[in-house]
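TrEMBL has this to say about the protein:
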type     : residues : note
DOMAIN   : C:54-454 : domain 'Amidase'
ACT_SITE : C:K66    : active site, charge relay system
ACT_SITE : C:S141   : active site, charge relay system
ACT_SITE : C:S165   : active site, acyl-ester intermediate
Amino acid sequence: MIDREQVLHVARLARLELSEAEVERMATELSGILDHIERIGELDLDHVEPTSHVVALENVLRADEPESSLSRERALAGAPDAADAGFRVPSPGAS
Amino acid sequence: MTTVTTTAVERAYEPTIGLEIHVQLRTRTKMFCGCALSFGDEPNTHTCQICLGHPGTLPVPNAEAIHFALMIGLALECELSPRSIFHRKNYFYPDLPKGYQISQFDIPLWGHGRLGEVRVHRVHLEEDAAKLVHAGSSGRIHGAEASVVDFNRGGTPLVEIVTEPDLTSPAQAGEWLRLLRATLGRLGVSDVNMDEGSLRCDANVSIRPVGTADLGTKTELKNMNSFRFLERGVAAEIARQEEIVRGGGQVVQETLHYDPTSGTLTPLRSKEESHDYRYFPEPDLVPLAPTEAMMARAREALPELPAARAERFERELALAPETAKLLAFRSELGDFFEAGLAGAAPSDEGGRGDAGAANGSGAATDPRTLASWITVELVSRLGDANPADSPVEPAALAELVRMVSAREVSGSAAKEVLDAMAAEGGQPSSIVAERGLGLAAADELGAIVDRAIDENPDAVEKIRSGKNKAMGAIVGSVMRETKGRADGGEVGRMVRERLGLG
Amino acid sequence: MSDLVELSAAQAAERVRAGEVSPDELFAAYRERAESEELGAFLTVSDSGADDLAETPLAGVPLAVKDIFCVEDVPTTAASRILAGYLPPYTATAVERLAAAGAPMLGKTNMDEFAMGSSNENSAYGPVRNPWALDRVPGGSSGGSAAAVAAGLAPWSIGTDTGGSIRQPAALCGLVGLKPTYGSVSRYGMIAFASSLDQCGPITRDTTDAALLLRHLVDGGHDRRDSTSVDFPEPIELPSAERLDGVRFGVVAELAEADTIEPGVKALFDQTLARIEELGGSVEEISLPHTEHGLSAYYVLAPAEASANLSRYDGVRFGMRAGDGDLLSLYERTRSEGFRAEVKRRIMLGTYALSSGYYEAYYGRAQRVRTKIAEDFRAAFDRVDLVVTPTSPSVAFRLGERTQDPMAMYMSDYCTVPMSLAGVPAISIPAGLSDGLPVGFQITGPAFSENRMLDAAHALERAIGFDTSPPRRGAQAVAT
C-alpha cells in the first residue's frame, strides 16, 4: 500500500523527522487507513462537482482601510529566537 | 550518446522567451489583513497576528487589491473568470509564515489576453512573501549562518502576469517589459519600481532551430531586477543554451540565477524535494465572482493606456513611431509633452509678460519638434528623472521650441538656454535676453558674412565650383563670430546670395 | 454554595438576576472546583471574571473554553507541546462575543491535540477522565469541556466540532452538545484543524443552556474577520416545545443499523424513537446512501486541510523550537518533538493525499463524495423535518482501549461525520444510561434549522428526564 520510501518522502514534504520505529508503524497504520478510504474508489463520481465550501458565499471582501499593527516588541514576544529586530533562523541552504 | 549531424551544428537557432512578472499593488493595506503597506520602514513594525500566521487567524481579501487586479486584466484585454478561487500553495520557508502561500491556481482571475504583440497567458492574485535578511552582527546559530525574517513585506498584494512565449529576442523582451511597466504605472496600481522590487521579472527561455514549431526545453531565470539585467541575462542564457546544443548536449530544465556583475548564470540550489506544492482550494476563502458593479468601477478607472496613447501621438500629431512610443511608454514624458502643447497654445496671450511669446505670429509649437526636444535634449539632461520634478516648465520648453522654429534663437543657442532652464528654471525669452543669445540681426549678420567671405577665398572658390561641403568653413566662421547666435541655414542662403549663386 | 453547581446555567443566571447570588460568588464557587479538580479537565483557570455582569444577558455565569480558542495573553496550546508557552496577542470572536454577553471565561479546557481525537487521550497535557466512570474516556476532542460540565466544574462550555468533537463527548458525558450550521459561528481565533468543517458550539447540561449560548455566539452575525461566516437568518429562541405533533423524523438506516452500533446504544436509540411517537411525532426510515462513505471522505479532507493548517508550527515565530544547526533540522525536529503521534499521523495522511499523483484519487474524490452526502441530506429533508441517529456507536470506552488502533478510534465518528461534511447542524442529547454510562441521541436538520432542532430536542429532553449528574459527582471530581 504505502511503503517505507513513500513514508520517508511524505515525511520530508511535511517536515517531520520520524524514527525508524515510527516509519515502520506509520507505513502499517497509513496502509490500514488508506485501505478503508479507498472504498470511495468504487463509487461512480463522474459528473459530480467537488465541494470545497458548504456555504454559498461569494466576494466576501474587506475595505482597504488600515488597522493598527502589533508593536515590534509584541510581534517578537513569542519568538523562540528574536534578534536584529526580527525572527532569527539558520540561513536556508547554509550548513 | 547524442548523434550530432553537421547540419544540426551549423543550424541557426531562435530563442523563445516568456515572462512572469510579479507586481506589488499600491493598496493601503496588505492582501489579507489591515496592516499598512510600507517600504523601507523599521523591520517588523507592520505586522499583526494574521500576517504573522498566528494560530486561529483567517485571511480576508482586500477589495481594493481585487479592484486593481480587475483594472490590470482589463488593460491587458484578458478574459475574466466568472468565478475564480484561491488555493494554498504548500512549502516551508522562513519567509512564508503559514507554510503555504495563498495564490490562485487552476482558475485564475483572468485568462488569455494581450498587450502589444505579446499574448498574456494569465493574470492572478496572491500574497507576497516576507523578507529574509542575512544576519549581520547577531552572528551564527550553532555555528551555522543565520538570517533574520522581516515580515513587513509579507502579505503585500501581488498580481502575477504570465505571458505566452511570444518574445523572440532579449531586446524585444526588454521593450515589452517597458510597455507593461508603463501600462501598470499609468493604471496607478503599482509603483512599478524594479529597484525596490515592486516590479519583478522572471524569464522562461528556450531555443529551437529556426523554422521548427516545437519549443525547446526551457530554463527559468529568476528575479531580473532591471531592464538591462533582463536583456543581458536572457542574452547570456540564449548563448549558453546555443553552446550546449551546438556541442551536442541537451538543455536541462532548471532555475538559474543571473549575476549581473560577473555576467554568469548559476543554477539555484534545488529545493529539498521536487516541487510538490500540494495545491488545494483555500477553505478559509470563498470564491471571487466579480459583479457588474465591480467591473464597471474597474472600467471607469481605466485611463488612456500607453499603447493607445502612442497610437494617438502618431495619428493626431504625426510623431514618428519611435518618438511616440518613447513619450507614451514613459508616461511622465508623455504628460510633460502634452502639458507643453497645451501651455503653448496660440490662445496664450503672452501672459508671461514677454513680447517674444506674445507676438508668436500665431505659429504654435510644432508637436514633432517639441517631442524631439523632450526625447533627445531634455532626457539627455534629466536622465530617468521625472521632468515634472525638474525646474523646466512644460510651457517654457514649448516656448523655446517655438522660438527656434521662428528663428528667434538658433538651435545651438537654444541648447544653452535649456541648460539654464534645467539648472534653475525660468522663461526662455528672459534667458535669451539676459545672455544676449538672440539671433544676430540681419544687418549685423550681413556684415559678418561679408567679412567671412573675404577671409575664406579658398572656400569661396570651392563653393563656386560646386563643392558645397566648403560652405561649412564659412558657416563655422560666422558661428564663431556670433557665438552661435546665427542660423546655419540662413547663413548659407546669404553666402549663396552674395556669390550670385541664388 | 455547593447547590449552585447543581444548577443549569440558565437557572444560575436566574439566581443572579434575583439577587440571590452575585456573579463574583458564582465565579468563585466554580473557580474553586475547577482549580482543585482531578479529572484533568482544565489546563488553565482564570483568576477572576468581570464584576458588573449581573445585568448582562448571560448574567456572569462563567464559561469553560476549550483550549483551542485564542485568548489574549492567556496561555493557549490546543493541548500541544508545540504551543507550550504561547500567549496569543488577540482573542477569538466566539470568546469575545460570549464575554460581551456576560459569560466570563472560567478557564481553558483540555482536549485532543489540535482537536484530533475522539477520546482526549491525544492531549500533550494528560488524558481527561469521564466523571461517569473514572477509568473511561470522556470522548473527544472537546473532552475537557464535556468532563468539566458533567462534573459540575463549570456551568457550561464551548468546544469545537470538526467531525463530532462536540457531539461525541457530550454523548459520552451525558450532556447536550450542539454543532451549529457551518458558517454561523465565527472561526476567527479558533485554532484551525480542518477549516471547511470546524465549527464552534456549546456543551451544556440542557437544551435551554445550549440555545442561550448559541444565541449569543451567532448574535452580531457575519464576523468581518471570517470570510466564511454568515448572518444567522433568525434569532435563536429558547426552546419550549413539549410535544412533537406533526414533526416527521427520519431514521438513517445506514447509520442506525450499522454493525458498529453497540446493542445498548441501539436499545436506547429505539426507546427514544418510541418516545418520539408518544409525543406525536412520526418516524420513518430514510436512506442517506453515501453516508457510509462519510468517514472515508472525512479522513481524506480533514487531514489534508490539517496538513496545511499545521504548517505554521515551524519554530520560527512562536511556540517551541528544537533542532541544532540547519533550517531543515529546525523544522523537522521542532515538528517531530512538538507534535504527538495522532497529529503526525494525520499530517502524513493529509500530505500524502494531496501529494503529486494522488490528489485526484483521494482529495478530488473525497470532495465529490462530500457533494453526494450533502445531496443525500437535501433529499432527506424533502421528506422529513429532522433526521436522527445514535451519536456515538458506543458508550465511553476505557482509557487506552483504542489508542493502538487508529481505525477503531476513527469509527467513533461514524455517525457524526456526515453532518459535518454536509455543513448541517446537529445536536446530541442524552437518551439514557446503558450499564450506567450515558448514551447520546443525535438530531440533525437542514442548514439554519437550529430553532426547530432545539425545540424537538427540548421536547424529548423533557420526556426522557435524564439526570445529568453523575453519581457522586462531587466526590469523584474534587479532591477530598
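Cβ atoms here come from the backbone N, Cα and C positions, even for glycine.
Structural mapping of features recorded in TrEMBL.
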| residue | record | Cβ within 10 Å |
| --- | --- | --- |
| C:K66 | active site, charge relay system | 32 |
| C:S141 | active site, charge relay system | 36 |
| C:S165 | active site, acyl-ester intermediate | 38 |
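The residue listed as 'active site, acyl-ester intermediate' sits 11 Å from C:K66 (active site, charge relay system), counting Cα to Cα. Regional average pLDDT for the domain 'Amidase' (C:54-454) in the model is 97. C:K66 (active site, charge relay system) and C:S141 (active site, charge relay system) have their C-alpha atoms 9 Å apart, to the nearest angstrom. C:S165 (active site, acyl-ester intermediate) carries neither a helix nor a strand DSSP state and counts as coil.
Secondary structure from DSSP puts C:K66 (active site, charge relay system) in a beta strand.
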